[in-house]
Amino acid sequence: MRGLVSYSLYVFCLCLALNGAQAQEPEIMIEDILDSPEIVAEEQETVVVHPDFEPYSASNAVFWEQFTEGWRERWKASNAKKSGSEEFSYIGRWAVEEPKVFPGLKGDKGLVVKDKAAHHAITAKFAEPLDNTDQTLVVQYEVKLQNGLECGGAYLKLLTEDETLHAEEFSDKTSYQVMFGPDKCGATNKVHLIIRRKSPITGEYEEKHLIGGPRASFNKLSNLYTLVLNPDQTFEIRINGATSIAGSLLDDTTFNPAFSPPKEIEDPEDSKPDDWVDEETIPDPSQASKPDDWDENEPYQIPDPEAVKPEDWDESAEEFISDPEAEKPEDWDDEEDGEWVPPLIANPECEDHGCGVWTPNSILNPKFKGKWVQPRIANPDYKGPWKPRSIANPGYYEDYKPADLEPIGAIGFELWTMQNDILFDNIYVGHSLEEAEKIGNATYIVKFEVEQAEEKASRPKVEEPAAPPTTWEQFKEDPINFSIQQTKMFYTFFQRDPIFAVRTYPETAAALGIAIVTVLSIFFGTLLTLFSSKPSPAPPKAARESETKAETETVAESADATPTETSAKRRTKKN
C-alpha cells in the first residue's frame, strides 16, 4: 500500500515537471533560433535599400522636369519686390538636392525651398506656349514637406503667355491661368484650385476658387498631386493617385464666384424709400405706462417661509474647525510668512447633523415681476424687409468653356512659408492623363515605397514585454501556496464548466485525479485486507487424525536424534 501512495506522489511531481518542461521548451527553441545569423541580422538595425535614380522620358509632355543636369538653364529665381511693398522682396533661396528626411531613390534630386519665413519665387518657361483649347490639361507634381508645414503654401502657378511673363523678373504681378496645390495656415487647410477668367464684357480678370477643396497631406513623405481639366468642362483632383474631388466647371455651386455671372443683379442705384416701414413690431400704445401695482423692487428669490430647522441642528458648533493634527512647518517664518494659521477641516461632530447658523433655503418669489418693459404688438404698417430691385446684369455672359484657358507660357512657384526644405519633383504638364499615370507609377510609386520603409525603420522600437513565469517556475518558488491557489481556481471553474477547468488547469486535474485514485485504492485495499483475515474452515476428521499421527511420529523421531545429526545419519543409525 505504501508503494501505491509513493507511486501516486511520483506521478503528481512528474506531471508538474512535464508541464514545466513544456513551458520552457519554446524559450530554448527561441534561444537556439536567435543564434542563427538570419535572425541576428533582423535584430540589427534595419537597412533600407535605395535603388539608383533613373531619369524617365516623357516624350509627349509639354513640360517635364526631374531636376537633372542643366536645370539651372531652365529655371530662374526672382529677387523682385512684391507689388505695393518696398519692404518685402523675394529673397528666399532655392537649391536642387536630394531629400534629407526619409530619402527615396539614390541620386534623385528635387527643387528645395531653403529659407524659413521668406518669400520665394522661381519660374521655368515652356519651349512653346501651351494651347489648351478643346484639349485635356493635366498638371502633376510631387511635394515633400521635410519639416512638415504649419503655415505656408506649396502650390504652383501656370503663367499666362503675355507681356508680364517676359518682364525682367517673376513676381506676384505676373499673370497666371491656374493656381493648384496644397496650402495651410490658420483655418486654411486644403488643396487650392483657382482659375483666372477674363470677362469678355468688362475685360477684367476674376479668380474662380474651388469650394471645399480636399485636405492636403502634410506628412514628411512625398505626395503626388494631379489636376485634370477635361474638354467636356469637368475637373478632377487626385492625391497620390486616388480621386479626392471631381465635378463640373459649369456647376454654379462648385466655384465661387461661378464661371458665368448671374443674369440679374440688384440695382446699385435703387435706395429704400423714406416711408418704408421694416419694423415688424412696435410698442403697444395702450400700455404706455407701468401699472400701479407693478413692484420692481421685489427680489427674484426669497427664503422659504415653510422651511423648518431640523431638530438635531447644532448652531453652537462650528461647521469647520482648525485641524488639531496640523503642525506649523519648520521653515515657517512669522516675520516673512505672517502668523501661521492651521488649515480648516470639517467638524467631525457635524457628520450626522448640520452645524453653524441655520438659514432656510431660497425659493422663487411669487411676487417677482422684474423691470417693467412696455409690451410690443404687430406693426400695422409693416411692409417687410426691403431689398433693391433686380435689373438685368450688364456684365452678364455665358462661359461655356472655362476649361479653354488662355495660352500658358511657363510654370512658377511664388510662395511664402514658415517652414523650409519643401521639395518639389517630377513636374508634368501635358495633355495625356494616361502618360501622367505612367509617370506616377514609374517614379512616385517606387520612391514612395522606399520612403515608407525609411519612415518605418525610424520609428522607435517597442520592447516586447517579459514573458510571464512558467507554471514550473511558479511551483518551484512556492510549491505549497501555488498548489493551494491552483486547486482553488480549478474548483471555481469546475463548478461552472468542468471541461474548461480541465483544459485550463490540466496539471491540477491530473494531480487531483491521481489523488482520488490513490484514496480509492487505499480504501478498497483496506476492505480487501479485512475480508481476507477471517479463519478458514476446519478440515475433515480423517484428515485431522492423519495430520496428528504424522506430527507425533515426527516429534518422536526428533527426540531420538542428536542435535548435530542430519536426517541421513539418523536413518543409518536406526537401521
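We number each residue from 1, going along the chain as drawn.
Placement of Cβ uses the backbone N, Cα and C atoms for every residue, glycine included.
Keep in mind the model is a prediction, meaning the values are calculated, not measured.
Per TrEMBL, the features are:
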- 312-339: compositional bias 'Acidic residues' (COMPBIAS)
- 542-552: compositional bias 'Basic and acidic residues' (COMPBIAS)
- Cys151-Cys185: disulfide bond (DISULFID)
- 250-339: region 'Disordered' (REGION)
- 534-575: region 'Disordered' (REGION)
- 1-23: signal peptide (SIGNAL)
- 509-531: transmembrane segment (TRANSMEM)
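Shown for the compositional bias 'Acidic residues' (312-339): DSSP residue counts in helix, strand and coil, namely 4 helix, 4 strand, 20 coil. The Cβ neighbour count for Cys151 (disulfide bond), using a 10 Å radius and every protein chain shown, is 14. For Cys185 (disulfide bond), other Cβ atoms within 10 Å of its Cβ number 14.
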